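Visitor: Handing you a structure now.
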């Protein structure tokens, strides 16, 4: 029975209202294991070798309900792991294998993930056996690694630590299209580059259309899209070729007939009795040689369950021409026909299949730079093996953050540059007495309270909980590219850093013992000291928690190009809006708050507190609704909620507003869209009314201190 009625909710009546639901993800407890469950601890108790034995045995245990191609599930699990990790994009760090989100909508129902629902069902007995010790996120990736190893490939390593999600990540912007496998003009900039924050070129596909742009066998356009999409996943040309060539050494694509005529609804739209399985195939037996996935049909070589050089050799040594396959999709066949009927059948090895290539494969050969990499690999098979192993390791771990979060006995000793390495603290950390002395010196320096707070915020607020990058640890704010970002006011930052470095040098040089202070710790300590002073000036005695132990990264440990992806287009907490911001500033504020793992309450108290402290970009007066900036009061909220005033737009673009006295018409204050958000949005106004109450200023101060402290240690994985 279908229910055609629709109960209208708030978002239906007012679809243009700012959506705060992505912040609710940070406040809700939806883990069935409970909020005290420590997955890292559970994983450390896992017998990883036993799990791998179970996985390897399963690889060749073909099931009648979904038989293994060539008697081996390995290629299916490689695709599953790749498509889990491959959703990662550098712009905002979202996507990736963490959370096991491939089993949740919308990714579970993407057209690029057809029949991966069966792969996960094949894994269920193993997940069932190990339970909480092994997350879906880790199992999906581990299955891909074991698949490679079971077919003769030597992987570089494996790290566990991916705690599962149990709800979809609504914060991810997958693109503007409302139909699968489409590409609108709004996905790309005029120069053909993907718009922020997108990483895939087609809605519902991991990277690019395997038939070519817009389903046409355009080699040049395909290579351009590959470079753009893989680049947004932080892969260079060599890594890109290694991944594609390595992955396509195994298995086949499936297009026994036309998908549109034979394949049913995706899992999210399938009938209830299908129990989450989608894409029911009515062609033939619907499985085995009759399987339909992408609509493209055939293997890349004659040894689809064995690691060798045959993919690279076939691609380079034969001439290829486009044709429509049995599924009606564009694919490529050898001009000579030499590889026709040369590969074994998926179920009966006495049957034969044609070897084929995708448009995206032939594009690698056609593009001069990609071809050069292919030829290098052909001449040096060992280099190909090593390049694929490291690129694969990067692919499946890119969203896990620094090496401190990598768990298990197969974690490599080497730390990669993409893990944003940090030096160890080879000195004694500052004690309480030293902390007190340093705070006094910082407050007595030429740096004002707003400058101290602003510098600490600029350092810590680069953190992204999506891929665990950024943050105050490392003091990379003193290195390129961060020290030159417009949002950080380079000239003012330069002066502040000089003061910090002088205080650090004076302290460290004066010590006769092994105690030292890092610049990373000192910057955070400066912000803490300023907040304590600002609270005292408002009549409140607070102690801002401080945990020393941050170290200072070197330029050699910092990939400038990689860190450029962390550059904010806007920071509503500092009332900064960059020229290249393509969304409303209030939307970008919520997006940044979500990346900082903040709730709506956290976001509100932080904005109010930072405004009271005078922390704005360029020392702007926007949002400074107080006569005593630098004092931790709730003036931002009391002024915003005062009905003796009214707001008027002061610019045609409605980015700046004036607060006028209702009686005199005099302009008292100016504010941005971000500032006005806390009075206009009903949810945020409700929170603002709490912090704007006369009886609750102390609550505001304490909540600000608590939230500030959480932001300052978001990247302190060493404390977990």
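Cβ from N, Cα, C; glycine included.
Sharing the feature lines straight out of Swiss-Prot:
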ACT_SITE  83  active site, proton acceptor
BINDING   248  heme b binding site
SITE      79  site 'Transition state stabilizer'
Visitor: Would you mind ranking the recorded positions 83, 248 by how many other Cβ atoms sit within 10 Å of each Cβ and giving me the lowest?
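Guide: Counting other Cβ atoms within 10 Å of each of the recorded positions 83, 248 gives the minimum at 83.
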Visitor: Return the residues near residue 79 (site 'Transition state stabilizer'), defined as same-chain residues 6+ apart in sequence whose C-beta is under 8 angstroms from its C-beta, sorted by sequence, else 'none'.
Guide: 116, 119, 247, 251
Visitor: Could you check what DSSP calls residue 248 (heme b binding site) once collapsed to helix, strand or coil?
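Guide: It is coil.
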Visitor: Distance check, please: Cα of residue 83 (active site, proton acceptor) against Cα of residue 248 (heme b binding site), rounded to an integer number of angstrom.
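Guide: About 13 Å separates the two Cα atoms.
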Visitor: If you run the three-state DSSP split on residue 83 (active site, proton acceptor), which class comes out?
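Guide: Helix, per DSSP.
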